[in-house]
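Trainee: Got a structure for you, questions after.
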Ligand SMILES: O=C(O)C1=C[C@@H](OP(=O)(O)O)[C@@H](O)[C@H](O)C1
Ligand SMILES: C=C(OP(=O)(O)O)C(=O)O
């Protein structure tokens, strides 16, 4: 599906972003291996999270949707998963494949997990390596690097693992395998990545200790099912934060946004760029901080985005690049080579598309340099079948006078079904609540 977008718009109204993708995945995973009932409210019914649900159903877990966003999981316990009769399919979802690898490493059966064309090109040795050190047999069946993965769980032993890449998915896979290991399992990170797995393990009765950038999990007899309400996804809210920030005269209230400090790099960057942004009504929801954000448009200047902040905003870089195009002066984004191994090569996709809009942008191996330019022109751009690229380009398109086209934009359903409806609502003046 191609989408035509008319700019130039002022963004107004109130929205609630969709539920957090990372937390929704983890709720299903931990609910499935806990004892008793887990009820998840405001679960994200997007394709990636549904893949995680399907994989656990194939391993015998009873998961029922009460409505589109509420589900009830009858936990199978740590030892209760069944060998799937068919291949597990993670679709487009790196989180599903990598976190499940950790779970499968601890099971007493062999399973195969595959994915779509994009996921089969993403690096999987990064999870295979530590899981093998723990004692599992993990085969990356294509070129020794890529999915399908064949995993034969074994008697695992705890390890201490220094992460060679900043990846919450790898960290989570090792910690989840650690639930099944003899002795303690420790992960040490150079740059702290999102810590939802650690927080949720605690919430389900796990034995987790965090000291700075070091996390240790010790095995427990059982995890206990719990009720969860999923906060709004800051990575989805980011598209609307930037849409408001780059269009002068805009004013948007974004409600119930998850503000876990390992995810809030986008807020720091927008503040550094001179954006008018206020965090209101801070509170806590099952071990995660949430708040409302009030943002007003105009007056952005260029900035530097590099180092420790990168894992705190890795999925927001496509839309931060869009913000940079509308800012005064230069923005430099570095240390972000992980973007090359996401759903698409996001550095290439951003540079190619933003150039079509007339942006001044130089590609770096690990990022980009963008010179702000107010005279952008409408264009036809490509999503590269990558949800975050489609949405970032839609934000650029509504901010440029004229009609632009986003090709293959239906991939937004991977993380944000309803994205275009909410966008239409806020560009119309959005008096109605653009509720997900
Ligand atoms: O753990 C998670 O839920 C995620 C971790 C990140 O990936 P990496 O672990 O590959 O950095 C992020 O890009 C992805 O969208 C979700
Ligand atoms: C990288 C992403 O997800 P995943 O790794 O789960 O495919 C994303 O949502 O931007």
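Glycine residues also receive a Cβ, built from the backbone N, Cα and C atoms like all the rest.
Residues or ranges marked as active site, proton acceptor in TrEMBL: 315. Sequence annotations record features per position, and here TrEMBL assigns 3-phosphoshikimate binding site to 21, 22, 26, 167, 169, 315, 342. Residues or ranges marked as phosphoenolpyruvate binding site by TrEMBL: 21, 94, 122, 169, 346, 388. Sequence annotations record features per position, and here TrEMBL assigns domain 'Enolpyruvate transferase' to 6-423.
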Trainee: Considering only the recorded positions 167, 315, 342, which fall within 10 Å of residue 94 (phosphoenolpyruvate binding site) when distances are taken between Cα atoms?
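Mentor: Passing the 10 Å Cα cut: 342.
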Trainee: Provide, as an integer number of angstrom, the distance between the C-alpha atoms of residue 167 (3-phosphoshikimate binding site) and residue 122 (phosphoenolpyruvate binding site).
Mentor: 13
Trainee: Greatest CA-CA distance (Å) over the residues 21, 22, 26, 167, 169, 315, 342 that the record ties to 3-phosphoshikimate?
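Mentor: Largest pairwise Cα separation, rounded: 19 Å.
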Trainee: Might you list, by sequence position, any residue in that chain lying six or more from residue 388 (phosphoenolpyruvate binding site) with a Cβ less than 8 Å away from its Cβ?
Mentor: 235, 315, 318, 319, 342, 343, 346, 415
Trainee: Looking only at 21, 342, 346, the binding-site residues on record, which one has the least crowded Cβ, with the fewest other Cβ atoms within 10 Å?
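Mentor: The binding-site residues 21, 342, 346 were compared, and 342 has the fewest Cβ atoms within 10 Å.
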Trainee: Whole-number answer please: how many Å between the C-alpha atoms of residue 169 (3-phosphoshikimate binding site) and residue 122 (phosphoenolpyruvate binding site)?
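Mentor: Counting only the Cα atoms, the answer is 13 Å.
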Trainee: As a test of the contact definition, list every same-chain residue at least 6 positions from residue 26 (3-phosphoshikimate binding site) whose Cβ is closer than 8 Å to its Cβ.
Mentor: 99, 172, 196, 197, 200
Trainee: Neighbour count first, Cβ atoms within 10 Å, every protein chain included; then name which of 22, 167, 169 tops the list of binding-site residues.
Mentor: 22
Trainee: Kindly state the mean pLDDT of the domain 'Enolpyruvate transferase' (6-423) in the predicted structure.
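Mentor: Computed over the domain 'Enolpyruvate transferase' (6-423), the mean pLDDT is 97 on the 0 to 100 scale.
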Trainee: Which of the three DSSP-derived classes (helix, strand, coil) applies to residue 388 (phosphoenolpyruvate binding site)?
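Mentor: Its secondary structure by DSSP: helix.
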Trainee: Express the distance between the Cα positions of residue 122 (phosphoenolpyruvate binding site) and residue 21 (3-phosphoshikimate binding site) as a whole number of Å.
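Mentor: Taking the Cα atoms only, residue 122 (phosphoenolpyruvate binding site) lies 19 Å from residue 21 (3-phosphoshikimate binding site).
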Trainee: Out of 22, 26, 167, 169, which binding-site residues lie by ligand 1, with a C-beta less than 6 Å from some atom of it?
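Mentor: Among 22, 26, 167, 169, near ligand 1: 22, 167, 169.
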